[in-house]
Protein chains: 4
Amino acid sequence: MSPTAADVLGAGARLAAEAARFTALGWMRGTSGNLSEVVARDPLRLAVTASGLDKGELSAADMAVVGPHGEPVDIDGITPLKPSAEAGLHARVAALTGADAVVHVHTLSAVVAGLHWPGGVRLRDLETLKGIGRRAHDDEVVIPVIANSQDMAELGDRFEAAYDPATPAVIVASHGLYTWGATLLRARHVTECVEWLLAYKIATR
Amino acid sequence: MSPTAADVLGAGARLAAEAARFTALGWMRGTSGNLSEVVARDPLRLAVTASGLDKGELSAADMAVVGPHGEPVDIDGITPLKPSAEAGLHARVAALTGADAVVHVHTLSAVVAGLHWPGGVRLRDLETLKGIGRRAHDDEVVIPVIANSQDMAELGDRFEAAYDPATPAVIVASHGLYTWGATLLRARHVTECVEWLLAYKIATR
Amino acid sequence: MSPTAADVLGAGARLAAEAARFTALGWMRGTSGNLSEVVARDPLRLAVTASGLDKGELSAADMAVVGPHGEPVDIDGITPLKPSAEAGLHARVAALTGADAVVHVHTLSAVVAGLHWPGGVRLRDLETLKGIGRRAHDDEVVIPVIANSQDMAELGDRFEAAYDPATPAVIVASHGLYTWGATLLRARHVTECVEWLLAYKIATR
Amino acid sequence: MSPTAADVLGAGARLAAEAARFTALGWMRGTSGNLSEVVARDPLRLAVTASGLDKGELSAADMAVVGPHGEPVDIDGITPLKPSAEAGLHARVAALTGADAVVHVHTLSAVVAGLHWPGGVRLRDLETLKGIGRRAHDDEVVIPVIANSQDMAELGDRFEAAYDPATPAVIVASHGLYTWGATLLRARHVTECVEWLLAYKIATR
């Protein structure tokens, strides 16, 4: 079923508030990063924060609506906004993982970790791993690191090749971090835990 | 005497505000950590922040009430919430130390320090030691470090074995920090001073 | 055309809010830094944050108005305030670059980077470079570093000699950072991205 | 002339607001540090933040009033509060330097710098030195470092021996930082600039 304007604006209000929170943490500097929520499946529709705006000052209406390939989709009662190129990757992440919320932020830790461990960031025996759905003991976790690209199809292919259903995060080297969750709140918590883990890994290397 | 709903909600309001403060400092990322206040002794009853919620967005009612082994206790007028597994350790800390407030946070400094000094973090000749009840000169202070466990009885045994009545903090390696105080405000101040001391120790090693 | 008091106060309100934002980020410690907006061209007129005031507590009226050489200019209905010595450099940056907003902040990263790379800070293959108008791949970017001076004519000459139209930032060694943009919001975003890039460069050297 | 209750409460309101600001910066962790303003000279009287309270939650009345040796002084209409031991050092700093505001904070940078450079922290050729009343070029600045003591007379003697009228800051090793200024706002700005300078010095050693 097609999403309504109310569905999009409801998601938009949540996404705007969450983006302001991430901005205050310094994780969406400039106009970087974008957040999305699935507003319909079959066909897939996502509300995604619009391109080029300050992520600390979004309103509920500052959202693009896209389909499975990131293409803009018109919704009655919603002024269409241009999606960022990365909206297509959000859609692909949502389709692949089944997650209803996707977070993409430009955290310094993610890019530093991607440089230090281009083959993936290995983590184990840390309580905070429970915060991303893994075990605190005897569980080898690898946050995948994929090479950056401006070609979203290529980047999506790399994402799919690296994707591990047990690990809700992927680092894009020289770029930033993708995380996801069943809800936007869950994606927030995953993002915070991944950031903690990466900061720990960098501080103790 | 059994605590009343008002006792629990009063403690809950204080715990929620304090958790929001620690969250803003970045010390309760994801849904990590928990805070508690003793609401009765004989038998021991604690209000503990509920499991799985964002620690920056708790309300006074988002508290579990537990007994000496972390078991849930029903209170008239309070909707029972599931305590986290760690609630039993909070109760044991309160019983052992006599403290009426226990803080457990996942600070990066604590886990980094636990890795660097698995035998305990030695500190001396620092004015900030006065903030945890020790002397600023000629007083060798060791913050104990214990190994992590998912078995709360085992973790509690390690805590008791490591416990020094003169030092209101214990680091759980690969996990986080426990501190305590006569009041929640005192436990806040102890936590802040321990964090300062650990950051200093790490910065100057 | 000569700017009106309303032009100056409008710019002043934006500059005061932006300065408070930068102050909260710790980038305008003490009374350091200044922000400006062009309020007229032909002849050039800028509103510049006044000298010696706390940059977190400015009002819209705490602005000096200067001409192309940083000389104070009287505007009907505006109480004249003493411009800082650096106002002349702001005017020169606005004239040279065509930017309508200039940011000067004393960020630690800029001064640390200026010490490490006195010949310019080389950056390439980073997504955040797109935030300053460059490409994320195969584009060698150099943030120029110029020597500090108390003589604004000399500092301006160094600025002009180092200026690269493709790079909206210059580091003044032992001093701070200049950035600019078509609008104050754009200058904010450039400043944030440059800060991110410098922090990354320092963290990975 | 003896200060009135209004004088003390006026100073108290300013000191409480300033202490909350420093607390938010993380510079008064636990209950550490104290701020003071001179409320009378001849004889010297200071309002000083009271001992043992959270410095982020003071009210205008949470001030002790002391004389030249830190002894409590009764003021009509003011409930006497116990001054901290350090109040006597505040009074001595105010008498020696002529400053009407004294800041004492426990910043990590100050204690780290005191450890690295026990003979004093040498700084030169930095624009931010202008923020503490020095020159940005060819001016060798030394922030004195004195040994800590619990004996305020001894600490005061060390302060006087190290004091340089051209440098409005002294580091107490293993303890924290003292700064001062003609007004509390000026002392804030000096404190911020000293912190910037120490952070820079540590980051580039």
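Count begins at 1; order follows the chain as displayed.
Here the Cβ of each residue, glycine as well, is placed from N, Cα and C on the backbone.
TrEMBL labels come from automatic prediction, so no person has curated them.
For reference, TrEMBL has these:
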DOMAIN    C:13-202  domain 'Class II aldolase/adducin N-terminal'
BINDING   C:HIS104, C:HIS106  Zn(2+) binding site
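With a 10 A radius on its CB, C:HIS104 (Zn(2+) binding site) counts 28 other CB atoms from all the protein chains. Regional average pLDDT for the domain 'Class II aldolase/adducin N-terminal' (C:13-202) in the model is 97. Remark: C:HIS106 (Zn(2+) binding site) has C:TRP27, C:MET28, C:ARG29, C:GLY30, C:SER32, C:GLY33, C:HIS175, C:GLY176, C:LEU177 as non-local neighbours, by Cβ distance under 8 Å and separation of at least 6 in sequence.
Secondary structure at C:HIS104 (Zn(2+) binding site), as computed by DSSP, is strand.
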